[in-house]
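Worksheet: the structure to be examined is printed underneath.
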Amino acid sequence: MAIERELVLVVDFGGQYNQLIARRVREHNVYCEIIPYTTSVEDIKKKNPKAIIFTGGPNSVYGEGTPRVEKEIFELGVPVLGICYGHQLTAYTLGGKVESPDIREYGKTEVKIDNKSPLFDGIKEADQSWMSHTDYVSEIPEGFKIIATTDQCPVAAMANEEKKIYGVQFHPEVEHTLFGQKMLGNFLFKVAGLKADWSMASFAEEKIKAIKELVGDKKVLCALSGGVDSSVAAVLVHKAIGKQLTCVFVDHGLLRKDEGDQVEAIFKKQFDMNLIRVNAGERFLGKLKGVSDPETKRKIIGEEFIRVFEEEAGKLGQIDFLVQGTIYPDVVESGTNTSATIKSHHNVGGLPEDMQFSLIEPLRELFKDEVRAVGEELGIPHKLVWRQPFPGPGLAIRVLGEITEEKLEITREADAIFREEIALAGLEEKIWQYFACLPNIQSVGVMGDERTYCHTIALRAVTSSDAMTSDWARIPYEVLDKVSRRIVNEVKGVNRIVYDVTSKPPATIEWE
């Protein structure tokens, strides 16, 4: 199902902003992929990239066992941009010198720019950049010239304009580098001569055509959760093959308020899909009885989901393909050597090894914001496209500790109130994710003239662009006040509300 388009390769050296670099490139309507630094030059040539970007990373170029690239990558005739560690590695590999200075640079830094260079065309001679480095390039390789400096960094950027090889010590991909997107655009269009041929409208059209050709007259099965990713994947495949697609919606009893009914109404009635809803709440709760460890909960739910799904699939006769709503961050996080597993993904892995289906993952090239854009192109209701991210294990990981039906109901009702008030305040699309969870905490309160000892509800709301990092949302006090009063008054068994003001990192967005 490969679609021909101009390609930029982002070579991953383990930096924290690697996915952000890829997203910034795509914001210019240019397609890019992230590959590990271990990818051979031969494999890179086969991909026929029009430009290559080296990311940052935590290593020193002169350290033992540090990530390297083959020198031949610079001889492909493909424009190269090195960022931070990628800048240092470019200099080091081509004969320059990298040192560790006495004074390091972190944070906002003014950079002085030679805007006669194509890389900095149309950019001010002095502007704000974002630095985060310990080492620096002290001598540039032969054939290069310095095109930017800072007070502490003599080579903030360098260029071999004949070979179209560039390096920048700062991070153009972060918002704090005020000219970053302009500079990346210059590299893509003025240096590499790329066309902006990546759009969600063309993606959807091409993907529908490719799915039709791949599937032919065979049958396809989709595990539908009602979340954004699986919903967009299902509609995309349905547009291609219609009634050859059957969706199985496993209602594990861990959904938000009225969510199961909403999913059924949208996909069965509005889109006229073959939809099987399996009400398996009692089965899942039985398996989770007495379990409090979050990873154990995830694994039990994942395994039981597969069992239920397989049972339903077995009733349908011969099925040739399985649709998954895998998106690009899932692929990157599960497929590179440079990042650690934080939590097990519900959607990646976990499938039985002897699975008889071939996988269709129509969204595996897309970031979340691109998935939403495709959803809008396909005519999926705006409310569903902008539905809050919801983990596969559902409320099981928003009820901390052991799960009971009573705790689930408390969490559902509190969460529904929070979501309703956020919508009424017009904040739905300004906050990346918001939800109520039930910590395993009870506290003393006074309601009426009586002492109470009831549950605490924690509210969590974050701003983000990609969920890789996030900050806590500054919700107006009057909105929080109304949410708090409503939950305490309307949800039985709750006497205290707290608001989580932790960013990611150090915390994750979900509590479990």
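Placement of Cβ uses the backbone N, Cα and C atoms for every residue, glycine included.
On a predicted model such as this, the values are computed, not experimentally measured, just so you know.
As annotated by Swiss-Prot, domain 'Glutamine amidotransferase type-1' applies to 7-197. Look at Swiss-Prot and you will find CYS84 tagged as active site, nucleophile, backed by sequence analysis. Per Swiss-Prot, active site is recorded for HIS171, GLU173. What Swiss-Prot lists as domain 'GMPS ATP-PPase' is 198-387. If you look up Swiss-Prot, you'll see SER225, GLY226, GLY227, VAL228, ASP229, SER230, SER231 marked as ATP binding site.
Feature annotations (Swiss-Prot) mapped to structure.
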residue	record	contacts (Cβ under 8 Å, 6+ apart)
CYS84	active site, nucleophile	GLY15, THR55, GLY56, GLY57, SER132, HIS133, VAL168, GLN169, PHE170, HIS171
GLU173	active site	TYR17, LEU20, ILE21, ARG24, ILE83, GLY180, LEU184
SER225	ATP binding site	SER231, PHE249, VAL250, GLY325, PHE390, GLY392
GLY226	ATP binding site	PHE249, LEU255, GLU259, GLY260, GLN262, VAL263, ARG387, PHE390
GLY227	ATP binding site	GLY325, ARG387, PRO389, PHE390
VAL228	ATP binding site	LYS368, VAL371, ARG372, GLY375, LEU384, VAL385, TRP386, ARG387, PRO389
SER230	ATP binding site	CYS222, ALA223, LEU224, GLN324, GLY325
Around the ATP site recorded as SER225, GLY226, GLY227, VAL228, ASP229, SER230, SER231, what other same-chain residues have a C-beta within 8 angstroms of the site's C-beta center?
LEU224, VAL232, ALA233, ALA234, GLY325, ARG387, PHE390
Which whole-number mean pLDDT does the model give the domain 'Glutamine amidotransferase type-1' (7-197)?
92
For the binding-site residues listed here (ASP229, SER231), which one has the lowest count of neighbouring CB atoms within 10 Å of its own CB?
ASP229
